[in-house]
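Student: Sharing a structure with you now.
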There are 4 protein chains.
Amino acid sequence: MSSTFGSLFRITTFGESHGAGIGVIIDGCPAGVAVETTHIQAALDRRRPGQSDLTTPRKESDTVQIQSGLFEGYTTGTPISLFIPNADQRSDDYSHIAKAYRPSHADYTYDAKYGRRDHRGGGRSSARETAARVAAGAIAGQLLAHFGVEIAAYVSSVGEVEVPLEYQELDLSLTETNPVRCPHPETAVRMEARIREAQAAHDTVGGVITGVARHVPAGLGEPVFDKLPAVLGHALLSINAVKGFEFGSGFAGTKLPGSVHNDEFYTDETGAVRTRTNHSGGSQGGISNGQDIYFRVAFKPVATLLQPQQTINDQGEAITLVGRGRHDACVLPRAVPIVEAMTQLVLADLLLRARANRL
Amino acid sequence: MSSTFGSLFRITTFGESHGAGIGVIIDGCPAGVAVETTHIQAALDRRRPGQSDLTTPRKESDTVQIQSGLFEGYTTGTPISLFIPNADQRSDDYSHIAKAYRPSHADYTYDAKYGRRDHRGGGRSSARETAARVAAGAIAGQLLAHFGVEIAAYVSSVGEVEVPLEYQELDLSLTETNPVRCPHPETAVRMEARIREAQAAHDTVGGVITGVARHVPAGLGEPVFDKLPAVLGHALLSINAVKGFEFGSGFAGTKLPGSVHNDEFYTDETGAVRTRTNHSGGSQGGISNGQDIYFRVAFKPVATLLQPQQTINDQGEAITLVGRGRHDACVLPRAVPIVEAMTQLVLADLLLRARANRL
Amino acid sequence: MSSTFGSLFRITTFGESHGAGIGVIIDGCPAGVAVETTHIQAALDRRRPGQSDLTTPRKESDTVQIQSGLFEGYTTGTPISLFIPNADQRSDDYSHIAKAYRPSHADYTYDAKYGRRDHRGGGRSSARETAARVAAGAIAGQLLAHFGVEIAAYVSSVGEVEVPLEYQELDLSLTETNPVRCPHPETAVRMEARIREAQAAHDTVGGVITGVARHVPAGLGEPVFDKLPAVLGHALLSINAVKGFEFGSGFAGTKLPGSVHNDEFYTDETGAVRTRTNHSGGSQGGISNGQDIYFRVAFKPVATLLQPQQTINDQGEAITLVGRGRHDACVLPRAVPIVEAMTQLVLADLLLRARANRL
Amino acid sequence: MSSTFGSLFRITTFGESHGAGIGVIIDGCPAGVAVETTHIQAALDRRRPGQSDLTTPRKESDTVQIQSGLFEGYTTGTPISLFIPNADQRSDDYSHIAKAYRPSHADYTYDAKYGRRDHRGGGRSSARETAARVAAGAIAGQLLAHFGVEIAAYVSSVGEVEVPLEYQELDLSLTETNPVRCPHPETAVRMEARIREAQAAHDTVGGVITGVARHVPAGLGEPVFDKLPAVLGHALLSINAVKGFEFGSGFAGTKLPGSVHNDEFYTDETGAVRTRTNHSGGSQGGISNGQDIYFRVAFKPVATLLQPQQTINDQGEAITLVGRGRHDACVLPRAVPIVEAMTQLVLADLLLRARANRL
């Protein structure tokens, strides 16, 4: 188990889908950051189930309780504990999978690793765990806001339906105007249709989320192992269902000649160092260069299907599994705040680490 | 700076392109692993410059010295120190870039972060640093060999030239039969031509390396933050020039419906749990499931060009930079052992961590 | 802030004296350890205030809630969250110290470090924080019990009143037979009198706790920096009010000649390697040798006095502070389970680390 | 094995008594610290054997080589590698102990832990390992000098011979005026005689080193687990032969009433917050308060005796061991720079950590 992430701005999470609740301790947040419950709750509301008819009907209010670390509206430098009680538990929904190894789920691997598991709702492997990340990310976001850093993510593809524009060409303020969280309205409509098509077929669909961080100061990232993209990739690849991460020009950039891919430096009218293109994605040598950081994260289709599947049980016997329970046909819309949160946690941590290293 | 990687099998590296040399301390390798200098040297020889006319003519013998941690041919459980002296240093080759910010290099970001830098050969940001990783990876490989784990990587694309088959359809023993390190001979010829074309144009070209780990026992990977793909992605994204990482079905998998993407479990004739497909890439819920682990790593084109480029110097003044020095037009062939080494380091570490966690 | 302790068996704590409560996440406990709430509650009951008229009359039931990580009575390998709500809060008891810097308390240093603090009851610096350690230690103790390791601590001095015998000459099962937690009944009576004398004088008194760990397997401790006594010392010196740590022969041993101090090895009738004396305190070269581990921990007198003291406020102005609130005149009796808990946490962690390192 | 110490200013050491040499990588030292080889060499010269006829005649020049991390006289922020080749190796001196378990040495415990060991000169458990700490400490000292922090240690007792004054009453500039490193000349003479007496008797003697850190800014130390005294104790208890650590009033303080022990605050003529007494030893609540940090470290008598001892071999058979080789009768004089180095490493690390935590 590794339930801790971060080096100086560090979170430790706990909780299962069907226990008392889930939570997180944030250790290392500097004193003096203004934090209101509403900041955290607003982030959680974007992740919680039941927010639209595109998502699972599981009803979780996901109400956060702040248990420590704040005094008179500000962080005190001591650990901040956030707790989110589980509300709408229906453990019997899962009795049919107590002994089954669901395809492309973590049932088998948890058994192989630990020898026992809490099967209810996937236990610790449930995506419900990500609520703790979102809550912690909201506080990291408050810290970053002090330094002017802005982070945004959006759904850039659902199945084969893709936004036809790059992030610079989009108005990211439109992301929250539709339930898919896609800032390109025409594509959002097609994405929504694609998700409903999957729902109707008792099937599921994956997609890609694009993330952008703006106004990140130059100097963040710790070579040679904790380069900015390496830590960011670690964070995003630790989210349930993620299968890939690329930043800047990514896989497509491997096809460009160096003479096109290189980002020429220039000094702008304010005297700031800038690059004419940004194939580097805001990181050179693993350190932020002050340009936009942008990246793409691949999410596989949800593994829980409301249709019969062949698999085995924990005795190795072949069985037919018929999906039940309350599930999303597509996690992408709800995963947007999770991608943002992990980005916030990474940048908050790298920001503190960069400061520690200066004479 | 973060020069340490790994949790239980842990490496710490040092060294610049033009100092006394580079090296690594391996801490946490169990006692009793048979290690010969030849294991390490063989791996280094695959990474070193000058091994073929496709690579930089810098002549580095990269001869490793074992300074501690071995006794009578076996590891003793104490830290293993490996040192690789720098031999062919021509610091004057770099005098022209002492004050220049080369496009898509780390000159500017190191200055922004540290306020000073050793500019010779890129200093710490030089890819020469990866020799230390390769040396350490060889020892991790010896540990993994004890447990039957096998790791192989190969060049699967150079620019737009791609191997047309999946890894399962290839004979990976052919990888070392050509200087490009591509196990598909016909494609290897085309890749070699593509690299020579870049050389002739004083340009560079990127590509993709595919990695495979076989016979990895089920149970490796530490949710929720150190999932196997997350740590592996971290490791690979920390290599110079890497821009993306995907495992299993990766980005392409986002376009498959869940009903196709899911990997059905079955019990084979030996009683082992297996999956009929392996879109999961050997990891479910972040834990290895005993199937092959496979992944793809994107490398951008080399940033050093032997043609004029517009950029600025450390005073912010516009300058024209004319590339000199000894450089690869394509790093892919020499990066294969680096990808293997980082994979070995990750799996050795996760193997020890998995063992620590059992009652 | 450093709220995490341990490498593989790792705890992260939170909470202040007067917030919602205090708690701890235990990460890295292997699956399959039998844990009942009663194990944890029993340990907490030995630490909690109000257990006898020798201690503070603050009434805290210290009732633990297990929030995650257990299933059907066993650990599952996932993080275990324990929460202890604060019950008997009287924040107004502390209004008189909101701006005062109490002598030998942490008020001034927290302000110097963080710029702000939750002054109620000492906030995070309150000894109430140690309840989380005790709760976590109980689970570490369950893990150690699997391996036969036994841990016991007792009060060996209060002020100048000392137990006249070494631990081997005492019946440690008598420790819980008196409120002072001293296994030497005659001395216990004198210690109790000494504490009542301090109470009557509105003064306080310190003392020493002796700890013993038996049946610790040889091989625990990680040279050269995480030697067993170094990690144990770290753990114990992190407890509030601790001023010193010595193990084995300790400071007194510096006066023995080497020829007397050395512990001769022999093989006993069962073939086990043993030493004739144990000045080493069960650790040689920082690694356990199978003999008893024993050590002494110095606790200063409680800093809160119910008599007037000269000090300053946060404006630097001289003030006279008159103590109020509910306080112990001597922490030693309640500190016994804390010393045991930190020892359990250290040995559980070193046990897992030792196992990770074997081929 | 744990060969890494520190969180932000972090060292990783390697090397055995009789291999190629010993060394250390320092990672996390900020860029811009002026470092000369002479700083490091001067510290090593105070630790090296053969410096006076009170110490082992092993002839090691202990000449340090800087392999990376410096450019034009300043640190660059990249890892600094220091290497000290072993020179005067006489491995045959140790053939008689290849299979013996020397009393109070680490031979048995290394075998129990690792199953094999490099017996020559004690291998990794040799005190020679501490040269790497001293070299690294010199660089930490340069960083601390930037902030005005001063560190000094001295021998305060040898066997029963003790300096009769507290550190404040001594002129610490006298420490280096005698081979014992005791700033009280009359006592130094008696200590020297005591050591010669042990030499003559083929016996050994222990003692105590006192350490002092002055001008440490308020705010260093990271509660609740990495309190300043806890981390300092960890560092000092990790030195070979150390059996105890106390700071401020230490064990003696347990006998004082709280009304005497408490340190009253006042504001001095410069407006600085100070305390009238300093029983706290410069740390309150685990955080430095700006007063002197002082502490005592107990060293046991050297375990290697030049007289016959009863013990066993690795087959469990009783043998008589006759000491040979080149050994100190008392390590205290040479341990002074080691105590200083570990103190420097701890304070450099806590300094960087404190800075990271501020908004």
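Keep in mind that glycine also has a Cβ here, set from the backbone N, Cα and C atoms.
TrEMBL entries are annotated by machine, without manual review.
According to TrEMBL, the protein has these features:
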- D:R47: NADP(+) binding site (BINDING)
- D:R124, D:S125, D:S126, D:N240, D:A241, D:G285, D:K300, D:P301, D:V302, D:A303, D:T304, D:R326: FMN binding site (BINDING)
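Map the listed features onto the structure and describe their local environment.
Tutor: Close to D:R47 (NADP(+) binding site) in the fold, though at least 6 residues off in sequence, lie D:D62, D:T130, D:A131, D:V134, D:R334, D:P337, D:I338, each with a CB less than 8 Å from its CB.
Shown in sequence order, D:T204, D:V205, D:G206, D:A241, D:H327, D:D328, D:A329, D:C330, D:V331 are the residues of the chain, 6+ apart in sequence, with a C-beta less than 8 angstroms from the C-beta of D:V302 (FMN binding site).
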Student: When neighbour density is defined as the number of other C-beta atoms within 10 angstroms of a residue's C-beta, which of the binding-site residues D:S126, D:T304 has the lowest density?
Tutor: D:S126
Student: Looking at the binding-site residues D:R47, D:R124, D:S126, D:K300, D:T304, which ones have a CB within reach of chain B, meaning under 8 Å Cβ to CB?
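Tutor: Going by the Cβ criterion (under 8 Å to chain B), the qualifying binding-site residues are D:R124.
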Student: Counting every protein chain present, what is the number of Cβ atoms, excluding its own, within 10 Å of the Cβ of D:A241 (FMN binding site)?
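Tutor: Neighbour count, Cβ to Cβ under the 10 Å cut-off: 18.
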Student: Checking interface proximity: list the binding-site residues among D:R47, D:S126, D:A241 whose CB sits under 8 Å from a chain C CB, in sequence order.
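Tutor: From D:R47, D:S126, D:A241, none lies near chain C.
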Student: Got a sec? Which of these binding-site residues, D:R124, D:K300, has the most Cβ atoms within 10 Å?
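Tutor: The residue with the densest Cβ neighbourhood is D:R124.
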